[in-house]
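A.B. asks: The structure under discussion is supplied below as structure tokens; questions concerning it will follow.
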């Protein structure tokens with residue numbers, strides 16, 4: 001019996017041992033399945049985030065295509081005007097008007113763009129801008145006289161005005177907070193890319209006959225706007241505009257496509273609804289937008305000073321004169337051959353484009369204000385050095401080398417700060433109900449200053465010399481350093497709704513930080 005008991009016990013123990021092994025196997029299998037599910041979910045989540053990033057990037061690129069048109073026009077006209085003057089026998093005054101009128105007329109597009117984008121939406125305003133520009137560019141290409149050329153120029157200017165105003169607003173409204181600065185700088189990147197393409201076009205087609213070459217140069221500018229037609233099938237409408245139209249579910253769908261974290265979507269949507277003044281189903285009964293802009297409250301007044309001021313400073317420091325008239329500047333320094341003049345302008349375009357890419361990577365890491373300080377101080381030094389070079393070094397090799405270096409340095413410092421941050425800030429700082437119209441007002445200031453500089457540069461240079469003109473630009477650039485210090489807050493890392501709080505009192509406006517928890521006050525404000 002004892003032996004049987006041992007055997008039984010042995011069998012029992014063996015049975016128990018086998019049972020334990022089976023249990024361990026099942027547990028291992030369950031753990032393995034859980035691990036596989038978790039790994040699969042993690043992989044799917046990473047793929048989803050990558051897909052969203054690519055989608056938002058594509059939206060920013062397509063929305064910025066109109067800005068290529070502005071850049072291309074600026075770049076190509078610097079060389080085309082040489083051949084237009086020779087072909088159509090226009091005077092120096094007509095040359096100034098032809099170059100500068102686009103910026104002045106574009107203010108009409110910018111002014112109308114704010115209201116248009118509030119009515120038909122941000123997306124279709126982008127398309128409308130492209131159509132108007134195409135018509136203007138086609139007229140310029142086949143213009144038999146200065147008068148017809150001006151008609152095309154006016155239409156192109158209106159189209160550019162629409163495009164310049166709407167692109168940063170649209171991108172800011174669809175971008176996740178963490179990437180907004182980078183993505184909102186895309187319009188400036190594409191302006192610089194357009195300028196470079198314009199310079200390259202000048203150099204490439206300058207060998208054609210005088211009657212043909214400038215027409216081909218202008219005709220090439222139509223191509224970027226063709227791609228906007230394809231873009232309409234990809235880019236969504238702005239979620240903030242959809243909320244303003246009471247299409248909250250549509251806005252939520254767009255936010256799901258453009259935000260990596262699904263949990264944040266409802267929170268972001270609530271903030272947008274509150275900022276739009278539509279919470280609890282109430283209609284916004286505030287004053288008409290333009291009446292509010294013309295008689296602003298103290299916070300709105302601070303926003304207007306910052307937005308309008310930085311737009312004007314971007315242009316009165318002479319960047320468009322540097323780009324439009326770079327052949328004239330290099331000719332003043334001592335370069336006489338047309339091919340060498342145009343080759344030097346290509347170097348300017350390459351520099352400008354390269355440094356805007358640097359700004360894109362830094363703006364959400366370093367912040368807006370540090371880049372503005374580097375930009376404005378660097379521009380001041382380069383403009384002052386260029387003034388002294390043109391005034392005192394004559395036409396020697398040293399003077400030519402310094403002039404090219406200073407022009408390239410000026411556009412480099414401009415591109416790393418003042419160029420993109422101007423548009424980033426203007427699209428960030430205004431409340432939702434005013435954003436399109438206020439951004440349009442800022443764009444008007446930008447285009448007016450650009451036009452005045454472009455239309456007066458040659459006359460001013462004849463009066464006080466080219467060196468004296470750049471001394472004036474250097475003084476204005478020095479003032480822009482003070483403006484950045486006193487009037488521009490840091491907006492890095494804040495949602496559009498949180499940025500509004502920065503302007504509530506004078507101290508925050510001048511740069512103090514706003515706590516993330518303060519965003520709950522937006523509901524009360526709205």
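In case you wondered, yes, glycine gets a Cβ from its N, Cα and C as well.
The structure displayed is predicted, hence computed values, not measured ones.
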A.B. asks: TrEMBL tags one of 25-42, 97-114, 241-258 as transmembrane segment - which one?
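C.D. replies: Based on what TrEMBL states, transmembrane segment spans 97-114.
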A.B. asks: Of the ranges 400-426, 427-453, which one does TrEMBL list as transmembrane segment?
C.D. replies: 400-426
A.B. asks: If I take every residue in the domain 'Major facilitator superfamily (MFS) profile' (59-492) and average their pLDDT values, what number comes out?
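C.D. replies: On average, pLDDT over the domain 'Major facilitator superfamily (MFS) profile' (59-492) sits at 86.
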A.B. asks: So which residues does the transmembrane segment (400-426) touch in its own chain, when a touch means Cβ under 8 Å and the partner is 6 or more beyond its ends?
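C.D. replies: For the transmembrane segment (400-426), the list is 168, 172, 180-181, 184-185, 187-189, 191-192, 306-307, 310-311, 313-314, 317, 319, 322-323, 326, 329-330, 332-335, 344, 347-348, 351-356, 358-360, 362-363, 368, 371-379, 381-383, 385-386, 389-390, 393, 438-439, 442-443, 446, 480, 488, 491.
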A.B. asks: Mark yes when the transmembrane segment (212-235) and the transmembrane segment (55-85) have three or more Cβ pairs under 8 Å (sequence separation 6 or more) and no when they do not.
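C.D. replies: Between the transmembrane segment (55-85) and the transmembrane segment (212-235), contact is present.
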A.B. asks: Which one of these stretches, 97-114, 126-144, 212-235, 370-394, 464-485, has the most C-beta pairs shorter than 8 Å to the transmembrane segment (341-363)?
C.D. replies: 370-394
A.B. asks: Please report, as numbers and ranges, the same-chain residues at least 6 past the borders of the transmembrane segment (212-235) whose CB is under 8 Å from any CB of it.
C.D. replies: 58-59, 62-63, 65-66, 68-69, 72-73, 76, 79-80, 83-84, 87, 123, 126-127, 130-131, 133-134, 137-138, 140-142, 194, 197-198, 201-202, 205-206
